[in-house]
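Before any comments, here is the structure.
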Amino acid sequence: MKVSNLKITNVKTILTAPGGIDLAVVKIETNEPGLYGLGCATFTQRIFAVKSAIDEYMAPFLVGKDPTRIEDIWQSGVVSGYWRNGPIMNNALSGVDMALWDIKGKLAGMPVYDLLGGKCRDGIPLYCHTDGGDEVEVEDNIRARMEEGYQYVRCQMGMYGGAGTDDLKLIATQLARAKNIQPKRSPRSKTPGIYFDPDAYAKSVPRLFDHLRNKLGFGIEFIHDVHERVTPVTAINLAKTLEQYQLFYLEDPVAPENIDWLKMLRQQSSTPISMGELFVNVNEWKPLIDNRLIDYIRCHVSTIGGITPARKLAVYSELNGVRTAWHGPGDISPVGVCANMHLDLSSPNFGIQEYTPMNDALRDVFPGCPEIDHGYAYLNDKPGLGIDIDEAKAAKYPCEGGIPSWTMARTPDGTASRP
């Protein structure tokens, strides 16, 4: 498609929740009839703030600009608010950035992965979640996924080792099933929240993987997510203990505020490390990559600003022997899923892709979702990102907003904790 004097004419935010999770999609329209792009701007925990950022700030900034000038729009968009690299504006910018890549692909008549250099592989290996209340339930769920063809699984007991509930009796019951590990008691007048005992969790994880390796062997790859919920010293001890179980990687063992501890962890353990789900700036990975402190970049693409910074991060990682592991939870839209996978296909240092199964409503609202077959994802070869949105159907699933209960985490004595 060849178009002269192409301009952005409209920018809008589409909020929808067909999977039960609030999603934000940016649609950029142009003066060429029928030519538009879609991008993911989902920050579920602050969905209406992102919508406001797009509608009130990004839209006026974009209208009248040439949509093919992706790099210039990204760079000027980042600095346009002076203060930069916050998750709300980054997600807003991500929605714009992905939509511009979608438009560029449609203009070129090529999938985005071809614009990024072309395919490096034929399919995208996926890992899925296999949670359970105890070792046997996790094992059963893994066996079910193996029958579906998955070769990589993330293994968790309850909510990152706890029960994902504020019912202390249920937590105690579930942890008791995990080889009689008892969580600490809470004081009187318990503050509402999701209670989690990091010490009981840290004791239960090695027993989980001992059970799984004894029952399932070493023919399946295991991932575990610490979710930054333990002290740095506990994380180091956990990584050391888990070496014998040969994890594919241990995710986010420390909080972003404690990344200096990764040097000590690296000195004491050979367990592969994935880090960065909560990072909001590509430069946060630089010292970890430069000092060989991680094996995988664990990156939420929309929170760093979209495809433009993500492809640079992937290349920098490649030059230093670090592989990609883009974040793929349920709280990114199918548009964001496709953006991840275009990066996956075109990155020689691809490591693995997290995948959360989509229900029928999601696939109905977003035609063009990836095909999933025997643990692999396959994108179509349509120009751009290859995915669309049915706005009328999307409107049938309004967003609710609010604070997700799982983020209201507390330790047994009632102290607020990282979720």
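Note: Cβ is positioned from N, Cα and C throughout, glycine not excepted.
The annotation substrate binding site is assigned in Swiss-Prot to Q45, H129, E277, R298, H327, D331, E354. In this view, Q45 (substrate binding site) is surrounded by 17 other Cβ atoms within 10 Å of its Cβ, with every protein chain counted.
For Y160 (among others), the entry in Swiss-Prot reads active site, proton donor/acceptor, with the evidence type similarity to another entry.
E277 (substrate binding site) falls outside any helix or strand according to DSSP and counts as coil. In the shown protein chains, 20 other C-beta atoms lie within 10 A of the C-beta of E277 (substrate binding site). Sequence annotations record features per position, and here Swiss-Prot assigns Mg(2+) binding site to D225, E251, E277 based on experimental evidence.
Under the heading active site, proton donor/acceptor, Swiss-Prot lists H227 (among others), citing similarity to another entry as support. Taking all protein chains in view, 21 other C-beta atoms sit within 10 angstroms of the C-beta of H227 (active site, proton donor/acceptor).
The DSSP secondary structure for P329 (site 'Important for activity and substrate specificity') is coil. Same-chain residues at least 6 positions away in sequence with a Cβ under 8 Å from that of P329 (site 'Important for activity and substrate specificity') are, in sequence order, E354, T356. Here Swiss-Prot flags P329 as site 'Important for activity and substrate specificity', drawing on similarity to another entry.
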R298 (substrate binding site): which of the recorded positions D225, H227, E251 is the nearest Cα neighbour? E251
To the nearest Å, how far is the Cα of E251 (Mg(2+) binding site) from the Cα of H227 (active site, proton donor/acceptor)? 7
Cβ neighbours of D225 (Mg(2+) binding site) where a neighbour is any other Cβ within 10 Å: 21
H227 (active site, proton donor/acceptor) as reference: those binding-site residues from Q45, H129, E277, H327, D331 with C-alpha within 10 Å of it: E277
Cα of H129 (substrate binding site) to Cα of D225 (Mg(2+) binding site): how many Å, rounded? 10
